[in-house]
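J.: The structure under discussion is supplied below as structure tokens; questions concerning it will follow.
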Amino acid sequence: MASPIPSRGRDVARQIRAGALLRRPMLWLIPSVLASLVALVLSLLYMGGVIDPNGNLHRLPVAVVNADTGAPPPGQRENLGTQVARSIVAASPAGSVDWRQVSQAEAQDQLASGKIYGALVIPADFTASVTALTTAEAKARPTITVLTNPGVGSLGSSLASQINQNAAHQASLAIGRQLTASPTTAGTDATTRLLLADPVAVVTQVGHPIGQHSGLGLSAFYYTLLLVLSGFIGGNLVHNGVDTSLGYADSEIGPWHTRRPTVPIDRTQTLVLKMAMTAGISVLTTTLVMVACIAVLGMDAAHIPLLWIFSYCACLAVGLGVQAINAAFGSIGQLVSMFVFIALALPSSGATVPLEATPAFYRFLGAFEPMRQLSAGVRSILYFDARADAGLTRAWIMIAIGTVAALLFGFGMTRYYDRKGLKRLTPQPQVPAAG
């Protein structure tokens, strides 16, 4: 009579080699489809918003200040400042730039609240200085000042500066054609006529300065990204850690594998536990983000208590959203929350490329995607003296809406699952003990 095969021998005999599994088409199907879709969608999302900012311009807000107080030149009904301002607005392609004709004080206020990306200022003596060029009284070239706003982001401020400089240069050439056609310049030398052909000097100045340690206006974006990542990663760590501790997931660290006894707890109470832990851990992560950025790296920041409160609420809102999505979608929840809080949020944040320079799809996403709202609030605190009208009020409102939505969605789904008896862990048949 043959002796029984030892248990260890049976286990070894039943093991399957990787080569055999690689020949199974169904094993490839789901990972291949998901990985391909993620790669395709991420490529379209991230590159679609940055490839052609100039071609996608849609109502980029820029101010025009006509402070010219001079009398109209002989034979004309308006002074040159009024003519230049009107021609600049009329010459822009329809819908590309939102030219706002405001006073000097209004322009400064809108720069200080981040409502405009730049301004073009025609000085009070513009007409007088231009008409003096054809006389012996000319002492300096007429000037038009371009004001930048680095607090709205380096690319947005740069786009507005380019638009303003080009508009000022075209205005200078138009004035030059008038001057060179005037009978009073008929006998001037070639050098003078060359100067008169492009008489206006364009001067660029910072309209609303920010700190030297502000990353040229990008520190607000990266700080917001840190808050979102802290909430996203922290939420997923809490989710996985709690499931492991309660026995609903395996723990595998290196070669060590463990499975704890399952704790009898329903989905709703599990979500309460995860959200409570997220709220507590967010205190620590928010504090460490601020310590690293401000105390260690020296990032320029004001209103420190307000910044901490805002940062905590932002991080918490993201973390609660992650828990709600994971509770509703299960194992694919992390992928879903990655798209909600990162993949769709980054290109529609408007913090690197202005939303006014992106396709309409990104402007639609920017109306509700969290990073857009959070970056506006952080930018207001860091660059615009925490002004409510600089995006801080909207950011607080959207944080509140996002938090309430996460609570309603998360607990609504878990209570529904609990009422239907959809338990998280299905008992498996017990393996008979060896005789």
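Note: Cβ is positioned from N, Cα and C throughout, glycine not excepted.
This is the feature table in TrEMBL:
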type	residues	note
DOMAIN	34-401	domain 'DUF3533'
TRANSMEM	26-47	transmembrane segment
TRANSMEM	220-238	transmembrane segment
TRANSMEM	276-299	transmembrane segment
TRANSMEM	305-328	transmembrane segment
TRANSMEM	335-355	transmembrane segment
TRANSMEM	395-414	transmembrane segment
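Could you tell me the structural context for the features on the list?
T.: Within its own chain, the transmembrane segment (26-47) has Cβ neighbours under 8 Å at 335, 339, 343-344, 346-347, counting only residues six or more beyond its boundaries.
Beyond its flanks by at least six residues, the transmembrane segment (305-328) meets 224, 227-228, 230-232, 234-236, 238-239, 267, 270-271, 274-275, 278-279, 281-283, 285-287, 289-290, 334, 336-337, 340-341, 370, 374, 377-378, 381-382, 386, 392, 395-396, 399, 402-403, 405-407, 409-410, 413-414 of its own chain at Cβ-Cβ distances under 8 Å.
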J.: Please give the sequence-distant neighbours of the transmembrane segment (220-238): residues at least 6 beyond its ends with Cβ less than 8 Å from one of its Cβ atoms.
T.: 153, 214, 274, 277-278, 281-282, 285-286, 289, 293, 299, 311, 314-323, 326, 334, 337-338, 341-342, 345-346, 349, 351-352, 370-371, 374-375, 378-379, 382-383
J.: Which sequence positions outside the transmembrane segment (395-414), separated from its termini by at least 6 residues, show Cβ-Cβ distances below 8 Å to it?
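T.: For the transmembrane segment (395-414), the sequence-distant neighbours (Cβ-Cβ under 8 Å, at least 6 residues beyond its ends) are 266-268, 270-271, 275, 310, 313-314, 316-317, 320-321, 323-325, 327-328, 368, 370, 373-374, 376-378, 380.
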